[in-house]
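Contents: one structure, followed by commentary.
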């Protein structure tokens, strides 16, 4: 879609930024800027609404939540419905919304907008082909919508959309905190109480180190607000960023400043709800039929006695009753409907008056005037309905059944969507201050048990910390579970993101839904006023007829004017006076035309009015007067129904506005709890590590003393006590996420002394790099020692004949699967096609070059050639690289050999496509030191499968990217004591400077997993991940999609799962055909049943067009 531009230069500058954000799919920032442009009007406003409407439409397509989808669609509809030029877009949005809700209301609206669009197409000159195409689309939409309306036999039925709730799979005690439980249990009560006191200075220092000046400024705003207001909660208008101290204040602001309320120009014809007194009379009355004949006799003969009848809640027991089952049944049905209208707050005074009108007409026929009925107080009570006969009761019942109690407008779904968002800011824990406001005091109940009730007040108290915690008993370790549990938080919004951005998309969508309700109210009022003006025209016509009756009293019959000719002459006179241009003239012409044609309801067809009127000039007076009365009755009925609809829409508006006000609430506690938890947890981990370090040093000193006494060589003993002073010292995720092979490689080169932070190789990113360096070291060793056997020879000597054949077969299978997985990477093939460079080093096997040359030329698809090249490549690789039954090592070997395939002018293919360049940053929250660690390069990250599975079980509905994020968040570094650091454990920040198009994840398995464990692990994996959640320095939504998986079966056989032509297929060694697996769920089932453990996952950047 071509995005428009604005006339005003300043507005266009902002609008351009919004369009850029929209193009980049950054909808939140785009909506924020568009809200800043809310004062722009005229044609520029139309352009802004187009973009905002498209944003909501795309958000609706993106979300899987039905309730939220409806909210976004309502936002889109409101944006696109305000200008005639957007009729076609509005019609499409309304039609989509109607389909989503199966709503007659929106089908009707879409038809009206589509017809409006068709009219605009005939008026506005466009390209004929475009016009024809749009007309065809609108006509098709009208046809479908009208068929849906016709099929709806029960209008007003609202579908009950239910969101499926995922089961609670959270463990009562996650494994990630078990490591700290023993340490926490051993602490004395006073130390535990001290952890509940968080210094504002320390918290400020911590967030500054974590988030820079942005975090410091955000925290300062929070603390200032808490100190000045004495509470944590407030209401914020996300449109203009104003804060309010109460819901009522916020609601008034939204109504007055953001068009969240509609008030007609004149309040004269505003429908009024019946009073509570009348509601009570309707609900508690007996509704027994009255003997009308006997009652009338009483009224005529004993009026004074009737006036003295006693009424209780509007009902009198003095009226004579009739035994009439049919009337009783009708009256009960009428009562039920009226009570339902009262409950839904849509029973208007006009409906009540309309019903009472039946009684007046009925009794006037029996010579009882309205004045007498008023004296008898019958017009003040619903008991008057009980006087009516079955005929009148059936008319009332039929009329009431056509009044809807509910609209299928999606209001209930939007309110339910708001419920799902509001929970993210509700907090259970109280946070108070000391008298100096220098210490935050956590809820002391956390030391004892789980807090069940939410604190929706958010009031701040001031306590002396020593007194406040004096009687706080520390029982159990619930606080540790609380510190690591962030499940109730909104991961898309975290400190220090500006508060205005919180739920901005859904907030603006609900505001638009409120405004759409106001727009609907304006339409209803316009229809009502039009009908009232039409009724006035009918009244004028009737008065002309009555005045003619008066004139006739003094004239002979041959001098009389017929009603029809009189009305026709009046129409001619109006045309001569103003050419029928005034609204009153047009409505009078339409009314007379409808009277002459005998229409049963107003048509409002002004075209050819006079032609029709002149043709019916000879109608009899009885027909004219009867037609006028019927039309007036029809208009009255329509106006009464419109009043109920107005009250129904107004009720929906109030409901939506109340929910928008709820959505405006923000609790600063939910904002700062995450950094507070991290700081407290950091302190606990630091104390634990400090204790471990002291114990290790004591043990080392003890052993050194023993060595001196026994005069033994020190190196042998020291190697046994090698400890880790590491940049990624394991915290409370130690036991779950440590990589054993990394530890082994580290120990091979570790000196007896404590290892400094800069030499650590424990982070998960370096797992692949470590294995790469090991392979390289082996090659260098071979070069350095001519007497050492070559790798291929060594591999031969390790195996007996049959074992060697088996190892060769397995290696051949692994190599085959690795190559097939790499060949499924589209970006790799494109790079090879566009950047064909010769190998510049003879170390790289020629067979590797031949393989990928055949791959690029697509000759490799021939089965015979593929087998030949694979055999040649296997033979060549065995000469320079030891055979391995580890697919990861084979991948690394190929990538390492591939490094030689480069030119002097540019980086190698492996660097461009596979290599991550990662910086690890740490700022000590205690001594503020910031070690400058060098950039690290790796091919991907390594994660243990059981860690993924444990976190999935612990946290339930958590995404794979968030699982990796949790693992990485638990990486800590000790501030190195040897470089004058303080020894404190600190969190690590990972920054990436190069974002390759291929992202690799290696999963480590125990090799003895059950079918269920394999399936549970795969269920935790996602087809698409956002690596901006894992690394700093990337744009949001840097998404990668899984395209190839290398897995190992139960018997050690490797297979490749490849995503081809929108489905997953399984590739096996020496298999001639692909086995179609299907969607990802089928892959999960396939691997579980065959016990295939995915070991290597290749993701491609999602921006690549697959």
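Glycine is no exception: its Cβ is also placed from the backbone N, Cα and C atoms.
Automated prediction, rather than curation, is the source of TrEMBL annotations.
Looking at 742-769, 770-797, 798-825, the range annotated in TrEMBL as region 'Disordered' turns out to be 770-797. Beyond its flanks by at least six residues, the domain 'C2H2-type' (237-258) meets 35, 38, 229, 500, 502-504, 507-508, 511, 514-515, 657-658, 660-662, 664-665 of its own chain at Cβ-Cβ distances under 8 Å.
Secondary structure of the domain 'C2H2-type' (237-258) per DSSP (helix as H, G, I; strand as E, B; remaining residues coil): 11 helix, 2 strand, 9 coil. Residues belonging to the domain 'C2H2-type' (237-258) score a mean pLDDT of 94 in the model.
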